[in-house]
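This is the structure I have questions about; it appears just below.
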Amino acid sequence: MSHIPISNTIPPKQTDGNGKANISPDKLDPKVSIDMEAPEFKDFAKTMVDFIAEYLENIRDRRVLPEVKPGYLKPLIPDAAPEKPEKWQDVMQDIERVIMPGVTHWHSPKFHAYFPTANSYPAIVADMLSGAIACIGFTWIASPACTELEVVMMDWLGKMLELPAEFLVCSGGKGGGVIQGTASESTLVALLGAKAKKLKEVKELHPEWDEHTILGKLVGYCSDQAHSSVERAGLLGGVKLRSVQSENHRMRGAALEKAIEQDLAEGLIPFYAVVTLGTTNSCAFDYLDECGPVGNKHNLWIHVDAAYAGSAFICPEYRHLMKGIESADSFNFNPHKWMLVNFDCSAMWLKDPSWVVNAFNVDPLYLKHDMQGSAPDYRHWQIPLGRRFRALKLWFVLRLYGVENLQAHIRRHCNFAKQFGDLCVADSRFELAAEINMGLVCFRLKGSNERNEALLKRINGRGHIHLVPAKIKDVYFLRMAICSRFTQSEDMEYSWKEVSAAADEMEQEQ
């Protein structure tokens, strides 16, 4: 075997002409700062705040969809990081030159794709403070305020929605809330908790069965209109998920029960069902008051996914859509979609968090602390270990808007959707593809799917507004979502004119 020679000699220092070590002073002198100093930070931050305010207040004037092609950005910046620090003024100049040409402006009143992602000045300021505190709140002791504010904010939010007391810490029971990153995470966390719960129950009934056998029999359920993240949760959780055929885009209790009984007859073990309140395709609402009791009867974990529509439940007139919530084991919605709280902030409540906590509990010595058990360690409630101080955003928004103004925001968006729907049905060329729910209008040109595909391509190609499509039972349609907090009635008229003009162009070319 060959050996690599090892030298025990210390390489000679580089010296100047006088024999002194030639080392630059800034690498030795602890008094020399390599950081941006506070006065410079203040100037930089003030300039950025001015830029943000100018950007948002005038966002309507920007083309909503960028015209760049993949790879546009690389030629605009150097191939490697700079050796020496640059001036922050140069960075500011590059925002318009490098970044803005490739930004899709989600907060423009002309952006109608997907569902909204929330944005507000109080939330932006809260994120500044969160970034400054820069704690990683995986345990209570890692930053007590981070954990304790989250506990209180989740109770505030739960009370605003009038969730059953069993979900709230203030009830004194087992329940509680946690801020996840996304609804997708919440769905997966609930599935893994349900999986652990059912595994324990079946092992007690059949101690002779091994874990692999039990896991192979587990089956969960969701509507055929459920979000793709539900299917993905099944893949990540290693369990079968069965799609239940919907009726008018909504899952009924009878259909769920039929699917459960079929699987029981085949020797499978039903354990979990997702009930969607506000589907992505058409904002349809599964019958929670039917599906929940069916799940309870068969001892399934019922998870309610209200990612978009859940914000509307702060308005009393929409709470009938969550009828049956008392039958749920977990409930989730995204304040970062429609409640003016910047991404990411996904609110999740569990009636009995212990199933999730025990399923995720890995407790190394370096994460233990003397107060364990006296307050939640949220690392046990989620997939990642680390977590940001997201409760600050909720606290700022709820205090600086108040419930009344948040309700007004929701109602305005719902009214704008009705306005657009009225404009649509007044044109004999168009039809609604689904009932108008919340801030979403599903519409189409009468005729073939191909005509509607061509219409959407033309609308987005014009670049003045941005929409995305959906398809239900082989019917292709366009989705008009009200997304921006800056939206006014005039914006809905403008967006309709864009749709109508695109249809006119198609007719003229025929």
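Backbone N, Cα and C atoms are what each Cβ position is placed from, and that goes for glycine too.
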Tell me which range among 88-114, 169-195, 277-303, 358-384 Swiss-Prot lists as region 'Disordered'.
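It is 358-384 that Swiss-Prot annotates as region 'Disordered'.
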The pyridoxal 5'-phosphate site in Swiss-Prot includes ALA183, SER184, HIS227, ASN334. Which of ASP127, ASP263, ASP305 is also listed there?
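For pyridoxal 5'-phosphate, Swiss-Prot names ALA183, SER184, HIS227, ASN334; of ASP127, ASP263, ASP305, the listed one is ASP305.
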Need this for a regression test: recorded positions THR117, HIS227, LYS337, filtered to those with Cα within 10 Å of SER184 (pyridoxal 5'-phosphate binding site). What's left?
HIS227
Are there any residues in the same chain, six or more apart in sequence, whose C-beta is under 8 angstroms from the C-beta of THR117 (substrate binding site), and if so which?
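Expected: TRP106, HIS107, HIS336, LYS337, PHE343, CYS483.
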With Cβ-Cβ distance below 8 Å and at least 6 positions apart along the chain, what are the contacts of HIS227 (substrate binding site)? List them in sequence order.
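When sequence neighbours closer than 6 are ignored, HIS227 (substrate binding site) has ALA183, SER184, THR187, THR276, THR279, THR280, ASP305, ALA307 within Cβ distance under 8 Å.
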Based on DSSP, name the secondary structure state of THR117 (substrate binding site): helix, strand or coil.
coil
